[in-house]
Amino acid sequence: MQPIISFEQFNFQYKHAAQPTVKDITFHIYPGEKVLIAGRSGSGKSTLAHCMNGLIPFSYEGTSTGNILIAGKDPRKKSVFELSKHVGTILQDQDAQFIGLTVEEDVAFYLENECVNQDEMKKIVSESLKKVGMHTFHKQSPHELSGGQKQTVSLAGLLTTNAPMLLFDEPLANLDPASSLHTIELIKNIHKQYNKTIVIIEHRIEEMLNLDLDKIILIDEGEIVAIDTPERILASNILPSIGLREPMYIEGLKRLHFDSNNDVIYPLENLHKESISGVIKEWMEKKAFCKDTPTKKELLKVENLSFSYPNKQKGLENVNLSIYEGEIVALLGHNGAGKSTLAHSLIGINKTKNSRILIDGVNINSWSIRKRGEIIFYVMQNPNHMITQSTVIEEVSFTLKLKKVSKEEIKFRAEEALKICGLYPFRNWPIQALSYGQKKRLTIASVLTANPKLIILDEPTAGQDYYHYKQFMSFIRKLAKKGISFIFITHDMNLALEYADRAIVLHEGRIIANHTASIVLGHPATLQRANLKESSLFKLVKFSGIANPEKFMELYFDDIRREEGV
């Protein structure tokens, strides 16, 4: 069988770059395969994707050597339009992909360019939307849809092209756990029904394993470092060495010093149950200790907070909570549960009545958004909605300039924030040259220069690889130890388990759980009600059959924090 995608000793260097971004690339993908290309930010994986769909060299100029064939043809000699008949692409930034004013208009875009007659076009659009379960949304604006729905509409548009290859650029970046599972199931179904070749660019290895991948291609610093099956990749210990995260249960096995005797450790069900149970029980006996819980001062207190939108839709109902100085709190729940509504109420965008929001005991209900913004900072999920300046250093310095801070202090604080967020080498870059993940880190760096008391972060690690995830979260912990409080609005259960002191779960505008993350995320009824995902570590512990899996989870993450001095 001939490969449908073929790279042989391929190199590419961007027009103004000092050296090649990808070097000596050789791999083959065959028709009907499901392949993950994974690597940390800046590894070159997106460059490979752009070579496949024609954005290189037609949108991003540069020089290339070696061979590349897509469906037997050299894409460098074809137009982007011609390549789109072979490779359909779904971008990470879904909003940038929409063209039509309604869902059906957007799905029809390719057909309009092909001059398909209107009756046939309506039929194909309707069939494509039915295939992905979005036919009832055909008259809605794409921008009114949730992240998962936008992803699904984009896929419906690709199905109209009949392209044999589908290329996904970080398809799970902005989705909640339920939407992520839906997207993966949708891709699996499309593959099963139409035998499409699926290529996914991602650094979330664990989530993508649900796709039943044929192989994983790992790239680091522009070079291929491994091509193998998921089973062999996970058994090789290569992922941490190139800044990628292993599934949490495999990290747990290593921490427990579990000896697999060279048995296959993926999938989890292949493990020997009695061996796992014995190792966990032995570890728990050694690690049992009294948890030190120092008393902290209350920073934020919310009393009887309710909010309804103008259309009478209930956003929040009788919310009561406290946040303490230096505390890290994960705010969890499915899309539409009220997480963003609560955040907007705290910063003053939503005007609330008959409730009290207190900071250090002072009622701030009457405070303006600007005055609240001196104490409470909110970092949006989409970095493009926050960036206002043209270069990296100007963006990070902007708030300090407004406060008339001295030039010397601005330079020092801006550069320190950029170093922490891994952006110092790019300080003089134009912002449009940054990746999505780099823009995300830039918005966070901008906030850190202002020394707030409470920072609300909407999906703080979305679009970031594991290396920058760890680096950034270590910095957040240092800030928390200095007394700054954090609220994370997140769908990342691993983030909540590892870094949150407490997890608050919202469902239909009400708080349904408020406890340590290990207790909350080990409670099946809460997870199901809030559309949250069970961690693979908790699945491992349940699989072992031990009597108190929640206790293990609490001990496990307390032990990690103790080792890190938190």
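Backbone N, Cα and C define each Cβ position, glycine as well.
Taken from Swiss-Prot, the feature domain 'ABC transporter 1' applies to 5-246.
Mapped onto three states, the DSSP output places ARG40 (ATP 1 binding site) in coil. There are 22 other CB atoms within 10 A of the CB of ARG40 (ATP 1 binding site), with all protein chains counted. Here Swiss-Prot flags GLY39, ARG40, SER41, GLY42, SER43, GLY44, LYS45, SER46 as ATP 1 binding site.
Regional average pLDDT for the domain 'ABC transporter 2' (300-533) in the model is 91. Annotated domain 'ABC transporter 2' per Swiss-Prot: 300-533, in sequence order.
According to Swiss-Prot, the feature ATP 2 binding site maps to GLY333, HIS334, ASN335, GLY336, ALA337, GLY338, LYS339, SER340, an assignment based on sequence analysis. On its own chain, GLY338 (ATP 2 binding site) has GLY315, LEU316, VAL319, LEU506, GLU508, GLY509, ARG510 as residues at least 6 apart in sequence with a Cβ closer than 8 Å to its own Cβ.
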Between LYS45 (ATP 1 binding site) and GLY333 (ATP 2 binding site), what is the CA-CA distance rounded to a whole number of Å?
31
Chain-internal residues near GLY42 (ATP 1 binding site), provided their CB is under 8 angstroms and they sit 6+ positions away
SER435
Please state whether DSSP places GLY336 (ATP 2 binding site) in a helix, a strand or coil.
coil
With every protein chain in view, how many other Cβ atoms are within 10 Å of the Cβ of HIS334 (ATP 2 binding site)?
21
Just name the winner among SER43, SER340 (the binding-site residues) by count of other CB atoms within 10 A of its CB.
SER43
Among GLY39, SER43, GLY44, i.e. the binding-site residues, the one with its Cα nearest that of ALA337 (ATP 2 binding site) is GLY39
